[in-house]
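Per TrEMBL, the features are:
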DOMAIN    21-107  domain 'Pyrroline-5-carboxylate reductase catalytic N-terminal'
TRANSMEM  205-229  transmembrane segment
TRANSMEM  249-271  transmembrane segment
DOMAIN    249-394  domain 'Ferric oxidoreductase'
TRANSMEM  292-310  transmembrane segment
TRANSMEM  347-365  transmembrane segment
TRANSMEM  386-407  transmembrane segment
TRANSMEM  419-442  transmembrane segment
Amino acid sequence: MNKNSSNIMALAPNTSNKRETVCIFGTGDFGRALGHKLIQSGYRVVYGSRSTQISNLIPKDAEVLGHAEAAQKAAVIIIAIQRQHYNFLTPLAEVLRGKVLVDISNNLKLNQYPESNAEYLAQLLPGSKVVKAFNTVSAWALQSGTLDASRQVFVCGDDVEAKQMVMNIVRAVGLTPLDKGSLLAAQEIENYPLQLFPMWKFPMFLSLGLTAFFLFYCVALDIIYTYIYENNNFSFFIAITIPNRVCPVLALILLALVYLPGIFAAIIQLYRGTKYRRFPDWLDKWMLCRKQLGLIALAFASLHMVFTLVTPLRAFASWRTGKGIISQALNNKTEPLNHTNAWLSDSYLALGILGYFLFVLLGITSLPSVSNNVNWREFRFVQSKLGYLALIFCTAHTLVYGGKWFLSPSAYKWYLPDIYMLSLIVPCAVLVVKFVLIFPCIDKPLTQIRQGWERNPKYSE
């Protein structure tokens, strides 16, 4: 079979109404769920079990036989049992010779055994064709039909035809197979379901660290300092006031950190004069988790919006407003409207609304269901051009709100700057450097480098 026909075969699903028989060893949750899905897809299913008694849990159109008898009826046998029970397959070696064995097992922890479960199965039954598949799909998703979040199925094996048979089954049940190569990839595939949000670890740890730092910073300046030097107890600020200060600060800093690695990448490419050299590992990992950083930033911005909306309902806000009204009444004096403050207040709110709108737009377009329906140019326009515009609006929102405090001595408690001053360091740095990078004298060579031009081709890797 030539290469082209092999590719066509890999892309074309089995569209025949008459499906072959598939054998499943194991009548546990996953074995039953997969069997039910296979029957719905037109396959005949026979279960191999120690007990041939029909259970109400077994799909009604399936057949239950002993292991040896069930194996003889199918060319593909799905091993839906745990690794520690594989030894019972050894006496069936002759019956299973030449059969395609699909290992779907997972472990309890990463790299639990020296070799993968699929490789161990291949060692036990060298006459069989072992394929790893289905281990990234849950029984619950198969039973409930909610397969959108786990539609991709990793498949690996040493026999090309055996892999193709399994990939056809994967397509037939409505899933998407992804060929990961030989059986050597089984260890990686088995580790995949055990990784808890692998791309979220750095963003989450960074966010938690920054949250803890800024919370402590605000408590120290707004509660402890006020209590010591002014004898005022504002401990209730912990509930709403301080979170409403920390959330926008974190949202702004994390949004800036989404675009900071792109700045570093541009500077490195300009320095090297080529795009054909790998970035440092820390920058590669940083760039891969930009989406997660942006979504966490959006979550903090949303919390800031909610906290701001409930602020007028607070007892402290009502007390402060009433105190101002009574003070004016007692002094028989009405404070005139300060048009400068009115402009600053309205500008601050307008910039915040526009920034949050673009923030939400960035979050929506990062969803797979949306990003898959836009082309690369449209996606880049939203995430890059509108993303920087969102950063500009959010930075201006913060500057208008707290810019006056930079020159106010009362803002430096214990000689420390206010939290809003700290929040402007990273975004302002990103915007200033980005402004320099768009100068034609810098943007033109950078564009040429990204299109493949090299300053010193002999040094490229």
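Glycine too: its Cβ is placed from the backbone N, Cα and C atoms.
Note that the structure is a prediction, hence the values are computed from the model and not measured.
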On average, residues of the domain 'Ferric oxidoreductase' (249-394) score a pLDDT of 86
Top stretch by Cβ pairs under 8 Å to the transmembrane segment (292-310) (candidates 205-229, 249-271, 347-365, 419-442) is 249-271
Taking DSSP H, G, I as helix and E, B as strand, the domain 'Ferric oxidoreductase' (249-394) contains 123 helix, 0 strand, 23 coil
Contact set of the transmembrane segment (249-271) with the rest of its chain, CB cutoff 8 A exclusive, min separation 6+ beyond the ends, reads 203, 206-207, 210-211, 214, 279, 283, 286-287, 290, 293-294, 296-298, 300-301, 304, 359, 387-388, 390-391, 394-395, 398, 419-420, 422-424, 426-427, 429-430, 433-434, 437, 442, 445-446, 449-450
